[in-house]
Amino acid sequence: MGNSDYVYPDRQSPHRVAVPPPQPFFKSFKNSLKETFFPDDPLRQFKNKPPSRKLLLGLQYFLPILEWGPRYSFEFLKSDLIAGITIASLAIPQGISYAKLANLPPILGLYSSFIPPLIYAMMGSSRDLAVGTVAVASLLLGSMLGDEVNAAENPTLYLHLAFTATFFAGLFQASLGLLRLGFIVDFLSHATIVGFMGGAATVVILQQLKGVLGLEHFTHSTDIISVLRSVFSQVHEWRWESAVLGIGFLFFLLITRYFSKRRPKLFWISAMAPLTSVILGSLLVYLTHAEKHGVQVIGNLKKGLNPPSFGDFVFTSSYLSTAVKTGMVTGIIALAEGIAVGRSFAMFKHYNIDGNKEMVAIGTMNIVGSCFSCYLTTGPFSRSAVNFNAGCKTAMSNVVMAIAVMFTLLFLTPLFHYTPIVVLSAIIMAAMLGLIDYEAAIHLWKVDKFDFVVCMGAYLGVVFASVEIGLVIAVAISVLRLLLFIARPRTFVLGNIPNSTIYRNVEQYPTTNSVPGILILEIDAPIYFANASYLRERISRWIDEEEDRLKSAGETSLQYVILYMTAVGNIDTSGISMFEEVKKTTDRRGIKLVLANPGAEVMKKLNKSKFVEMIGQEWIYLTVGEAVEACHYKLHTCKPDSTNEETQPWNNV
């Protein structure tokens, strides 16, 4: 960067930076609330509508089925029928498997695939989300409740706590949606979710070694050290028959997934594979009497529809905190997964879903589900992907799936008696391998090392400590990064692009020229109490470094510091105090402080605080080019004298 080629532009009359007209406090407060809680302006559709139309729109907002239902056609029904039957073939074995993962009776997995999908079909805004239980939330539920109550020793209390935790999860989810607090979920960044899901998937896979190896006694801890110690301390109890079955079915499931990925039109092969495994495994056990040779089976599944459970909630003080904590943590994880999956498929089909409406829908289906023997449900990626690939058109595919599950509950549950546990373990392991997204982790490493640290913090925390600790570590690192962004904003030196009046970052554009006697700095963030002291010190250091550079090069001494403030969206009183201190410091050093393009909110506060009067309106410019032109004019028409400038402001610019 040099200054020999800098060409001074012709001086023109500069534009003034306007101070926005004052607004009443309540109007300003109302606008702030609207931007915070209603950025999508959901009430816009109600404007200038008669009362009857407003009532209908209100009902359609909370019950989207009233919007798409009247337009439903036979063509849609054919597509949704195929998709619903396809996802039912996946939901039945997955539901049974994930219930076992949560240390709950297997039948609850089927219950949870019956009532919640019906609720979501009425209230959900996603056409592609297939509702059901998920592995990570099941593991988290089992881990957190297992710390308080042993499922084997006190199964009734454990079951009732699971219903209570699901109730509070739904209450928390629906409350976030109704209060428009969906942005809280955004604190789970993409890097956090990648690491957390990968770690949870690793833990789930390790937990399935119990079923694959046919072990009866296994650790209740989820960390890798405890699991491996439990596995290898019982080598003498490994069942080779169970291991052969598990490895064989796992290989079958992975092969079918591979072919479905290579040929997307054959998606149904992968979708049908879990149910096929259950049928083949059950037949194999029944014909060979493998249950007598160490292969564990599900046993009897209760026949019939969901029994009511609203009388089973546990509100006693000794367990209430556990239920609430478990519900909130698992509820957040379920929301993050469900909304992310819904948005992903909505993007493919070019429609939008309302995150807050989704929270209300997912929360409501969990509240209602907890009253009818269901545990936590959301929109799992694997099931939703099958639904999408099967060509679903509306949420009616969830209704078709629920009807298929209802039929199973009424008539087919005895057929699952001989289903081997090892097949369920293979189904879970195959599903979890798809959640370890190593390609996303590699991408994070290439693009943003800090995001990679967040990702690995979540992964290692889950794998080596616990699911809860891993989540806390990931969120803590993410919040720390957010605080660093706020507390340590970037500042840049700007230079002139040759043969133009454009000024850009000298590090990004090395060919820029410096302007003799003028230092141009860009502040790249709002100015608050958290970063005001840092910015004051950083600006002073920029001035020191520039003066040292000019002195060593024998160039013109520094006369002006221009602060380019386009990126400063807001400022608080600490930030204004920082500007006042910088102004006093530059005055003592014989340097004039100049502002370029402060925004409306910033200008309003600077004016109210009398800082505009302090610096002088004539030293605030609309663009960097105008500020440089004015400073250059001053340098070449007046002798640089800071005292003179203070007593006789330059009013001709």
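Residue positions begin at 1 at the first shown residue.
Just so it is clear, glycine is given a Cβ too, placed from its N, Cα and C backbone atoms.
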TODO: Look up transmembrane segment in TrEMBL and report which of 56-74, 94-112, 360-378 it refers to.
DONE: 360-378
Task: Proximity verdict for the transmembrane segment (266-287) and the transmembrane segment (458-484), three or more C-beta pairs under 8 Å - done: no
Task: Proximity of the transmembrane segment (328-348) to the transmembrane segment (158-179), 3+ C-beta pairs under 8 angstroms - done: yes
Task: Overall pLDDT of the domain 'STAS' (508-631), taken as the mean - done: 93
Task: the transmembrane segment (421-438) in contact with the transmembrane segment (129-146), cutoff 8 A, at least 3 CB pairs, sep 6+ - done: yes
Task: Positions on the same chain near the transmembrane segment (191-209), where near means CB under 8 A and six or more residues out - done: 101, 135-136, 139-140, 215, 218, 222-224, 227-228, 231, 333, 336-337, 340, 425-426, 428-429, 432-433, 435-438, 440-441, 444, 448, 451-452, 454-463, 467, 470-471, 474-475, 478
TODO: Using a Cβ-Cβ cut-off of under 8 Å, list the residues of the same chain that are 6+ residues beyond the ends of the transmembrane segment (398-416) and lie near it.
DONE: 80-81, 83-85, 87-88, 91-92, 95-96, 106-107, 110-111, 113-115, 117-118, 120-121, 124, 129-131, 278, 282, 298, 300-306
